[in-house]
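Going by TrEMBL, these are the annotated features:
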type	residues	note
BINDING	45, 66, 259	substrate binding site
DOMAIN	109-257	domain 'D-isomer specific 2-hydroxyacid dehydrogenase NAD-binding'
BINDING	146, 176, 207, 208, 209, 233, 258	NAD(+) binding site
ACT_SITE	209	active site
ACT_SITE	238	active site
ACT_SITE	255	active site, proton donor
DOMAIN	292-368	domain 'Erythronate-4-phosphate dehydrogenase dimerisation'
Ligand SMILES: NC(=O)c1ccc[n+]([C@@H]2O[C@H](COP(=O)([O-])OP(=O)(O)OC[C@H]3O[C@@H](n4cnc5c(N)ncnc54)[C@H](O)[C@@H]3O)[C@@H](O)[C@H]2O)c1
Ligand SMILES: O=C(O)[C@H](O)[C@H](O)COP(=O)(O)O
């Protein structure tokens, strides 16, 4: 079989070389010509998969090694009886750890204690629910808005309206898909009116999709002096992000919240297993059999280390969002005259030094307080008491 794939999908040969001949392209350059005689198309979020791409192709299976599927015309694939698989939850832990790093950094910069804040979570799916569980275990009060789960009478938490969440949360973090249709569309969910409802000095984090927040309205609000701290990992019009918005954003990253090594490989593996099922193939490849993944040295703390020090040191030893923020700002500052915003944004993502996830890091603690150990376990660290 012929496989056409986004070059940014990790371990393509390890997983798929026994299934077919693989040809890779930059995700944004996969067009009708590239897929014309392909049987299987493997993409990430930057390839629009629709009738314009597939109408005259032989593609029988589309896989996106991502959580988001807003780049896929699902109705068209179904109508054409083209098999489809995404990778739900594959990098959800990475996004949670991104949010945790943002909170860790802002808590230090603004001198607050997480436990004293109310966190509003918009969207309680794979990412939002994991974040909810982590924050709950850390004793942090959460408000949750998810009208779809609420309508389905989900009882995993008490739900509030979005307007109540915006009015009462100190920190608002967005984890919905980007949708334009249905009962609860999320395109510009946070428009000018809703941005106005955010508390003074609130923190807004968007690691979902750029257009869930009206970026023009956000820029107007911030330019008018609204006291708001914003962390954006996703931007409207990616990769042509609005560079005038950049200086108004406190933490700015190039859509890498889900870019852990573990999450990216999980995405590839999930689509591989779906293809094996769809084509009745033996699912032989195991991630464990692939070259060992980079491991971080174990951390250890003295028994009198304070909780804040242990948490912050552990988080930053694995991921410090300030590094990605600085890299993005320096890259745009150094932007060569002829280099476009899109080239810089995409290059940062293509050459991203993927990080590991907290669960892969062993933290050795000498007879520490139960509070420290349980907090680290809440963050999914691999805790060993020595
Ligand atoms: N920045 C990144 O690198 C990154 C990584 C992973 C996922 N994402 C994005 O985050 C989104 C969420 O990821 P997930 O794995 O939790 O997806 P998911 O599908 O598991 O959960 C999404 C949740 O949002 C809820 N929802 C839908 N419309 C809503 C609305 N109007 N208001 C409130 N809630 C609403 C759904 O009911 C669902 O519970 C993905 O669709 C993707 O676009 C971004
Ligand atoms: O939807 C997802 O899984 C994430 O947004 C992921 O980070 C997308 O990564 P990309 O396809 O842009 O490489």
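Placed from the backbone N, Cα and C atoms, the Cβ positions cover glycine too.
These numbers come from a predicted model, not from an experiment.
The structure, with features from TrEMBL marked on it.
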residue	record	DSSP class
45	substrate binding site	coil
66	substrate binding site	coil
146	NAD(+) binding site	coil
176	NAD(+) binding site	coil
207	NAD(+) binding site	coil
233	NAD(+) binding site	coil
238	active site	coil
258	NAD(+) binding site	coil
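Taking Cα separation as the measure, residue 259 (substrate binding site) is nearest to 207 of the recorded positions 146, 207, 209, 238.
Within the set 45, 66, 259 that the record links to substrate, no two Cα atoms are more than 12 Å apart, and one pair reaches that distance.
Compared over the recorded positions 233, 238, the count of CB atoms lying within 10 A of a residue's CB peaks at 233. Close to ligand 2, meaning a Cβ under 6 Å from one of its atoms, are these of the binding-site residues 207, 209, 258: 258.
Checking the recorded positions 45, 66, 238 for a CB within less than 6 Å of any atom of ligand 1 leaves no residue at all.
Of 45, 66, 255, all annotated as recorded positions, the residue with the shortest Cα distance to residue 233 (NAD(+) binding site) is 255. Annotated pair residue 66 (substrate binding site) and residue 258 (NAD(+) binding site), C-alpha to C-alpha distance, rounded: 9 Å. The Cα atom of residue 207 (NAD(+) binding site) lies nearest to that of 255, taking the recorded positions 45, 238, 255 as the candidates. Excluding 45, 66, 259, which define the substrate site, the same chain contributes 44, 65, 67, 68, 91, 255, 258, 264, 267 within 8 Å (Cβ to the Cβ centroid), listed in sequence order.
Non-local contacts of residue 45 (substrate binding site) by the CB criterion (under 8 A, 6+ apart in sequence, same chain) comprise 27, 64, 66, 68, 70, 71. Largest Cα to Cα distance within the recorded NAD(+) binders 146, 176, 207, 208, 209, 233, 258: about 21 Å as a whole number. Predicted-model confidence for the domain 'Erythronate-4-phosphate dehydrogenase dimerisation' (292-368) is 86, expressed as mean pLDDT.
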